[in-house]
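Undergrad: First the structure, then my questions, so here it is.
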Amino acid sequence: MSFRKVVRQSKFRHVFGQPVKNDQCYEDIRVSRVTWDSTFCAVNPKFLAVIVEASGGGAFMVLPLNKTGRIDKAYPTVCGHTGPVLDIDWCPHNDEVIASGSEDCTVMVWQIPENGLTSPLTEPVVVLEGHTKRVGIITWHPTARNVLLSAGCDNVVLIWNVGTAEELYRLDSLHPDLIYNVSWNHNGSLFCTACKDKSVRIIDPRRGTLVAEREKAHEGARPMRAIFLADGKVFTAGFSRMSERQLALWDPENFEEPMALQELDSSNGALLPFYDPDTSVVYVCGKGDSSIRYFEITDEPPYIHFLNTFTSKEPQRGMGSMPKRGLEVSKCEIARFYKLHERKCEPIVMTVPRKSDLFQDDLYPDTAGPDAALEAEDWVSGQDADPILISLREAYVPSKQRDLKVSRRNVLSDSKPAGYSRSGVSTATAITDIPSGNLAGSGEAGKLEEVMHGLRALRVLVKEQGERISRLEEHLGRMENGDT
């Protein structure tokens, strides 16, 4: 009997990570050294925020995404806290609003100017006071406007209406020990927590009740994290009794045994999982690691499918993840991370290689947009709503090569096209839009014909190479599946 090796088919098998060039990094940022298992970084389509070292209090830096290169030491910061900042989170419904939690026991919400900071920001829009110990966790409600959750080292979870500075719910009896992280579910009707007592809990915040609990989800003593997936399952990252790092997938309807359990390695850095509900891919970053592992979650055993690992030389001190609406879809970018080094932030782009330069519908289903589905009052009254979805097709920008291929302009015409301007010719259409008399400044038709002949030959060559690559990929697929 012969056994054939079956390779699981997945459009994400060949996802690869690539750091940007040095001039696209953010240099000379003094990343916070505070001892706390937070990401220290938050990013949205407009701004990058990084918790930084600050004397006499806590601060974080907010940079427009295009503010790359070396950051001046005098660059203004958000510096209203009197103790170190532990966590920050951008509002999903307003790209200029960010919340922060600090060792000074307060939560502050800030309005960032549209074009970024020109002077230090010391006055928050609102200060939320209710915790008696440091606040280490901040997370906005995914669909209800102005609803913010905070969790502190007093083992208390508070839910606020930021618009009125009102404390909506206080959950102070569900956690006997330090809360490691909090994650809302898809529509914000529930959230899950990972706690120092090794339990994962699913909580209904409006009822103040425990919906489900799994004790000793991971038996190790080091910090673990739990996140909700789009289908209601829970993904956890923690440590075994022998201090090996583990990943697990749970069904809250049956919390007795994990659906899947994978051991990674014996490193001691806390694992930070980032989940993309559109692709069902989980990216796992370890604090102090120099790698990002990524896994696809499916309904088929073994449920957690390893895809690949991005590896670099420098360890990461924190990590931020760009929302899907901030990605470059024309480059088949499915994720972008902002890796914190000791003194810089380095974007890392995750790309699915595709030959076609058309919009890739299968990679970019409709995704959560910036509009809130509910007001805070609606959510408090018991309403739930899924995120309002938007299409990323409008963000698609055809590549220069595609512009060239679809051009139908008569390049041999001596007349200038309507609206022609020498200074306004774009790179994408420069070859086809410039009249023949201006091509080399000489008016020689022979040179123009030579250029056009070269273009036609190049197109034929590209087509032949594409067909050859397709045949090789098909042959390789048959070999992997044992058909040859």
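The chain as shown is numbered from 1 upward.
Every residue, even glycine, has its Cβ placed from backbone N, Cα and C.
The annotation phosphoserine is assigned in Swiss-Prot to S2 on the grounds of similarity to another entry. Per Swiss-Prot, repeat 'WD 1' is recorded for 80-120. Per Swiss-Prot, repeat 'WD 2' is recorded for 130-170. Annotation source Swiss-Prot lists repeat 'WD 3' at 174-213. Swiss-Prot lists 217-260 with the feature repeat 'WD 4'. Taken from Swiss-Prot, the feature repeat 'WD 5' covers 265-305. Annotation source Swiss-Prot lists coiled coil at 447-481.
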Undergrad: Can you tell me which parts of the same chain pack against the repeat 'WD 2' (130-170), counting only residues 6+ beyond its ends and a CB-CB cutoff under 8 A?
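TA: Residues 36, 38, 83, 86-93, 99-107, 109, 176-179, 181-184, 186-188, 191, 193, 203, 205-206, 208, 368, 372-376, 378-380, 384-388.
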Undergrad: Calculate the per-residue pLDDT averaged over the repeat 'WD 5' (265-305) and state the result as an integer.
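TA: Taking every residue of the repeat 'WD 5' (265-305) together, the mean pLDDT is 96.
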Undergrad: By DSSP, how many residues in the repeat 'WD 3' (174-213) are helix, how many strand, and how many coil?
TA: 0 helix, 21 strand, 19 coil
Undergrad: On the DSSP side of things, how many residues of the repeat 'WD 5' (265-305) fall into helix, strand and coil, could you say?
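TA: Once the DSSP states are binned, the repeat 'WD 5' (265-305) shows 0 helix, 21 strand, 20 coil.
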Undergrad: According to DSSP, how is the repeat 'WD 1' (80-120) divided among helix, strand and coil residues?
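TA: Here the numbers are 0 helix, 20 strand, 21 coil.
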